[in-house]
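Visitor: Have a look at this one before I ask anything.
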Amino acid sequence: MTQSSPLKTQQMQVGGMDCTSCKLKIEGSLERLKGVAEASVTVATGRLTVTYDPKQVSEITIQERIAALGYTLAEPKSSVTLNGHKHPHSHREEGHSHSHGAGEFNLKQELLPVLTAIALFTIAILFEQPLHNTPGQIAEFAVIIPAYLLSGWTVLKTAGRNILRGQIFDENFLMTIATLGALAIHQLPEAVAVMLFFRVGELFQEYSVGRSRRSIKALLEARPDTANLKRNGTVQQVSPETVQVDDLILVKPGEKVPLDGEILGGTSQVDTSALTGESVPGTVKPGDTILAGMINQSGVLTIRVTKLFSESSIAKVLDLVENASSKKASTEKFITQFARYYTPVIVFLSLAVALLPPLFIPGADRADWVYRALVLLVISCPCGLVISIPLGYFGGIGGAAKHGILIKGSTFLDSLTAVKTVVFDKTGTLTKGTFKVTQVVTKNGFSESELLTLAAKAESHSTHPIALSIREAYAQSIADSEVADYEEIAGHGIRAVVQNQVVIAGNDRLLHREKIDHDTCDVAGTVVHLAVDGRYGGYILIADEIKEDAVQAIRDLKRMGVEKTVMLTGDSEIVAQSVAQQIGLDAFVAELLPEEKVDEIEQLLDPSGKAKLAFVGDGINDAPVIARADVGIAMGGLGSDAAIETADVVLMTDAPSKVAEAIHVARKTRQIVVQNIVLALGIKALFIALGTIGLATLWEAVFADVGVALLAILNATRIAK
C-alpha cells in the first residue's frame, strides 16, 4: 500500500491585495494546482498560507503562479519564521493595478487621474444638450472619451491582461463589459459615470481596507524590534532573532522586553497588557522570569535569555493570531464558495436578459434589454462579502487578542457563539490553586512534625500544587538521597521510600486500593492521607481559595444565556459541594480520575451538535478533556507553552471572567458578519430584481455596489475596537 507524503505548510507575504477579487483570485488559482490541498489568504495582513504536497508541486511553482497573477511576494515578517536567514522574493509585473506594499496605498496619487476625469465629465455633461445632434458633438466626444479612459484605464488594462490569462469574471472584466456595452448603445455619459463611480468606490475601498489592516496590525504591535545585547563589556542594538540562549540583554525603562528570560539584575515594574490585555503593573526582581512583549516601566533590567525569539511567548502569541485565519468558519467557507459561483451565474443571467426577451417578446427594444443586462453585470461582483467577512473575523480575533484572549480561528469564534454549557475544572481555574496547609491530624502515635516531614519528602519530586504547599509548610531543604523509588499514581497520590520507610500519600481511593484503614474526613478542604509501612499515620488538611471574579464569571455567563455551568474535580464531594454553592454553579461531579472527566464531558455534549460545550481548564493536566470539548479553553496561557498548544481558546490570565468576555467578542463578531451578509445580499437581490424589470439605472447599480462594499468593510472594522 502506498503512503501519501506528508503535507507541507508554507507562509508568504503577498503585496497588492487591496482589490476586492484578489483573495479569491489567489486562492482559486493556487487550489487548481495539482498537489495544493488548501490556500488561505488573510486580507487584513497580506498573509498567504499554502498547504501542499511537495512531491506533486514545488514551492517555486507556487511562487511562479502568484507572480503570474501580478503580485509581489516575500517571506512574511513573522515572529516565528525569521529564525535564521530570509529568502526574499521579488516577483514583479509591470502595470499591475494595485499598490504592492502589503497595504500601503497612496490615495492622493491614485485620485489625480480620477479627479481630472471628473472635471472632463462635468464639462461634457454641461455641453451635452447644446451640442447634441449638431456638428459640435465631436467636441463632446473629444472630452468624454478622455474622461472614460482616464477613469477606466487601469480597469481596462487589468481586464485585458486577465482575459489573456484566462481569468475572467472579476470586477475589472465586469465593469469593462458593462461600460463598453453602454458605449455600444450610445449611453456615453452613463458609461463614463459608471466607470467613475466604480473607480472612486474602489479607491475608497482600497483605502478602507488598508486603514482597517493597519488598525488590526496595531493590535499586534507587541513585537519587539530590537534587543540591547551585552557582550564583552559593551551594549549594542541587534535584532531579537539574532540573540542566543544564555546571552545577556539590557532592558531600559520604557522599552519592550525582547525575549523570554531570567532577571539577573535590577528591580522594576512591568506592564503585561500586550500579553494579558490588563494594564495592571507587576513587580519583577532578580530570579523572576520575564517574558517578551512586557514593557519595562521603571528600573534597568539585566536579563539572561532562556528562549530563542522564535520560541518566546510573544512570538507564539503573534503567530497564533496572524495564522488564525487558516481555520475558517463555515460562514467564511460558504461565502468563498458562494462568490466563486455567484458571479458566473449573474453573468449568464445577464446574457439571457440581453438575448432572450427580444427573441420572444414582440416589439421588445433590444437596446433596452441590453441596458438591463448591463445593470445586472454591474451588480454581479460580490466585493463587499469577499473582503468584509474575513476582515470581520480577523478583527474579532485581533480585538480579543488585545484583551488577552487568543482565539485560534474563526471556526472557534462561531462555536463560542453557540456555547450553552460551560464546564470548569476546579483547581487553578475557579480556585486560586495556591494551597496552604491548615491542619495536620495525627494517628497511631505519629507526631505532627514527623507526619509533615514524611509527607514533604515523599512529595519532593511532585510538581502538583498540593505537593508544593506541603513542602512550603515543611520549609526545609530536602536532599535527593533522602527519597528513593518515587512513583506517581495518577488521580490517587504518590508512593516513595523515605528513610527506609514506604510512605503512601494521597486520597481516600489510594488508601482503599492499598487496603489501609483510615479516617473518613467530613471536612471542607483537600485531604492528603498518609500511611507509613502500611500503618495509617493521619492526614494533612489543605485549603484552597476561590478566585475573586469566579462568582461574577458565573453570573455573566448566566446573563448571556449559558444554560448550564458545571464543575469537574478530583476533590472530595464535600469540597466540591462547598465550592459549587459559593460560586453558584448548576452542577458538579467530584472524586473523578483524569480519564473519567472525558466520560463526563461526553455525557454533557449535545448529540445534535447545535448547542456547544466549552471546557475551561489549565491546558496542561486537562489536555484530553480540552480536546474532547466543542471548544477547549485554557487559562493561564502567560508563559505556558502547553496551554497555547493544547486549546482552541487561550486566556492569557487566570481570570475565569475572561470566558464570558470571549463569548461576548464572538457574538459581537457574528452579529456584524451576519449584518454584512444580509446587507450585501439584500442590496444585490434588490438591484437584480430592479435591473431585470428595468427600474434601475447603471448609475444606481454601481453606486449600490461600491456603496454596500464600503459599508460592509467599515462595519467589519468596528469589531476590533
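Including glycine, each Cβ sits where the backbone N, Cα and C put it.
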Visitor: Please state if Ile138 and Ala701 fall on one side of the membrane according to Swiss-Prot.
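Guide: Membrane side for Ile138 and Ala701, as annotated in Swiss-Prot: identical.
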Visitor: Report, as numbers and ranges, every residue of the chain located at least six residues beyond the topological domain 'Extracellular' (694-701) whose Cβ falls under 8 Å of a Cβ in that stretch; write 'none' if there are none.
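Guide: Apart from its flanks, the topological domain 'Extracellular' (694-701) reaches 178, 182, 187, 190-191, 193-194, 197, 368, 371-372, 374-375, 378-379, 687.
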Visitor: Tell me whether Asp618 (Mg(2+) binding site) sits in a helix, a strand or coil according to DSSP.
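Guide: Once the DSSP labels are grouped into three classes, Asp618 (Mg(2+) binding site) ends up as coil.
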Visitor: Between the transmembrane segment (168-187) and the transmembrane segment (672-693), are there three or more C-beta pairs closer than 8 Å, counting only pairs 6 or more apart along the chain?
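Guide: With fewer than 3 qualifying Cβ pairs, these stretches do not touch.
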Visitor: Got a sec? Which of these recorded positions, Asp425, Asp618, Asp622, has the most Cβ atoms within 10 Å?
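Guide: Counting every other Cβ within 10 Å of each candidate, the maximum falls on Asp622.
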Visitor: Cα-Cα separation of Asp618 (Mg(2+) binding site) and Asp425 (active site, 4-aspartylphosphate intermediate), in Å?
Guide: 8
Visitor: Which sequence-distant residues neighbour the topological domain 'Extracellular' (364-369)? Criterion: at least 6 residues beyond either end, Cβ under 8 Å.
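Guide: For the topological domain 'Extracellular' (364-369), the nonlocal Cβ contacts are 185, 353-354, 357-358, 694.
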Visitor: Roughly where does the topological domain 'Extracellular' (129-140) sit in mean pLDDT, to the nearest integer?
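Guide: Taking every residue of the topological domain 'Extracellular' (129-140) together, the mean pLDDT is 64.
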Visitor: Under an 8 Å Cβ to Cβ limit, what residues of the same chain, 6 or more beyond the ends of the transmembrane segment (345-363), are close to it?
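Guide: The answer is 169, 174, 369-370, 372-374, 376-377, 379-380, 688, 692.
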